[in-house]
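Take a look at the structure below.
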Amino acid sequence: MGCVFCKKLEPAPKEDVGLEGDFRSQGAEERYYPDPTQGRSSSISPQPISPAFLNVGNIRSVSGTGVTIFVALYDYEARTGDDLTFTKGEKFHILNNTEYDWWEARSLSSGRTGYVPSNYVAPVDSIQAEEWYFGKISRKDAERQLLSDGNPQGAFLIRESETTKGAYSLSIRDWDQNRGDHIKHYKIRKLDMGGYYITTRAQFESVQDLVRHYMEVNDGLCYLLTAPCMVMKPQTLGLAKDAWEIDRNSIALDRRLGTGCFGDVWLGTWNCSTKVAVKTLKPGTMSPKAFLEEAQIMKLLRHDKLVQLYAVVSEEPIYIVTEFMCYGSLLDFLKDRKGHNLMLPNLVDMAAQVAEGMAYMERMNYIHRDLRAANILVGEHLICKIADFGLARLIVDDEYNPQQGTKFPIKWTAPEAALFGRFTVKSDVWSFGILLTELITKGRVPYPGMNNREVLEQVEHGYHMPCPPGCPVSLYEVMEQTWRLDPEERPTFEYLQSFLEDYFTSTEPQYQPGDQT
């Protein structure tokens, strides 16, 4: 998992423009231009994320209007004596929903009372309770999930529209001989007087009615709706209610996964119930007080592309408890047989996921300081999440020093950060460019044949690594943009996310007309 540490956060919706089809390539360089860097404030005010229906206004309306019957979306096994064990489809009376992550509920079947993870339940008979409803996910994530193994032609999901408030988008997996598996998207528009439609000749009172219709007949869609997109059970938001600073004895260290400069990484079990990753730090690595202060901020940063920080043991030796990612670090994964065989579209998509997580951190005004493949973790379906953000600045080891320390990641660090300690989002952008070379070269060490001192001297004078073998020129040009000596001339992560997500997008419109045959 690399030399530094882990946790999790949330991104900015990207706007759907026009109409869209599938993954095929138009030269990305023809559609993007140098990014006009925007000025940014320095304050950070991260907000905890919750299911789509859990906006503060909606939470109030749930209790205020008496709509307190919820249904379980997944099975859940209690982790503490205060939790409820429940099965998918079980119904609850919500007793207290004043906290975002865990709600007090009473099971209507067993009569028992306890806490349930708020992202595992939804209002009964609501659209959020439907298996095919994926809420506020992006078009790109919809494509990733539908193209996962196990989804047949006609697999579908419905998500919130990224451009029209109160409207939805229908995403369908399709196939043809020319393009193979690909995704088509349709706008579900809302009528002024109520009701929904894709094409005006077929209007429905509810989205549920619309789905039932198109599961019986394709009626102009690319394919009949066959089955909801397969979904992985989500991580709970935290281990349990009030499980933040935990007892060391509640963690069992089961298997060492790796050893870094400042400690070990373990596969562990919390409270005899939950698989977790545990980073154990060597005593003296950082001040427990400073770590706990930073961790309080880190736990608020939540996004699908950031490893979620679950809990901490704040006395030395410090334990950092996070979600477990089955394939470990991106660096190790790239060097392994499975990662080494990845093709360019996979690599670009992984880069886009990292850029998405970093774009969220950019919006939150939070700096990673140690962005590299060793600090990106890989899970099922090639999902990538950023780990170890923010903790590098807390390290007090003399060897973690850009001038003479052997542990400092010089080859990934922007010159203004290495020479003058000026760490900003723009220095993270520089590091991201180096990470792109790691992806393209399947884990090769940057600046091959050069030591740290040589790298620092050469980079200060404008040296760039040459284009890696097999790297498209358009992608290398983006790398070079991230390595501009003037930090303000480097692109934003928002721009990098857009560029990479659309790198293989076809020239077809983003949304298909409803009467397409």
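In case you wondered, yes, glycine gets a Cβ from its N, Cα and C as well.
According to Swiss-Prot, the listed position annotated as phosphotyrosine out of Y115, Y400 is Y400.
Checked against Swiss-Prot, the residues Y186, Y511 yield a single entry marked phosphotyrosine: Y511. Residue annotated by Swiss-Prot as phosphoserine (from the set S50, S287): S50.
Counting only same-chain residues six or more apart in sequence, the Cβ atoms lying under 8 angstroms from the Cβ of G263 (ATP binding site) belong to K279, T280, L281, K282, T285, P317. The Cα of S206 (phosphoserine) lies closest to that of Y196, out of the recorded positions Y196, L257, T259, V265. In the three-state DSSP assignment, the secondary structure recorded for S206 (phosphoserine) is coil. Taken through DSSP, the domain 'SH3' (65-126) splits into 3 helix, 27 strand, 32 coil. Taken residue by residue, the domain 'SH2' (132-229) breaks down under DSSP into 18 helix, 35 strand, 45 coil. A distance of 55 Å separates the Cα atom of T259 (ATP binding site) from that of Y196 (phosphotyrosine).
For Y196 (phosphotyrosine), the same-chain residues that are 6 or more apart in sequence and have a Cβ closer than 8 Å to its Cβ are Y168, I188, R189, K190, Q203, F204, E205, S206, V207, L210. For the binding-site residues shown (L257, V265), fewest C-beta neighbours within 10 angstroms: L257.
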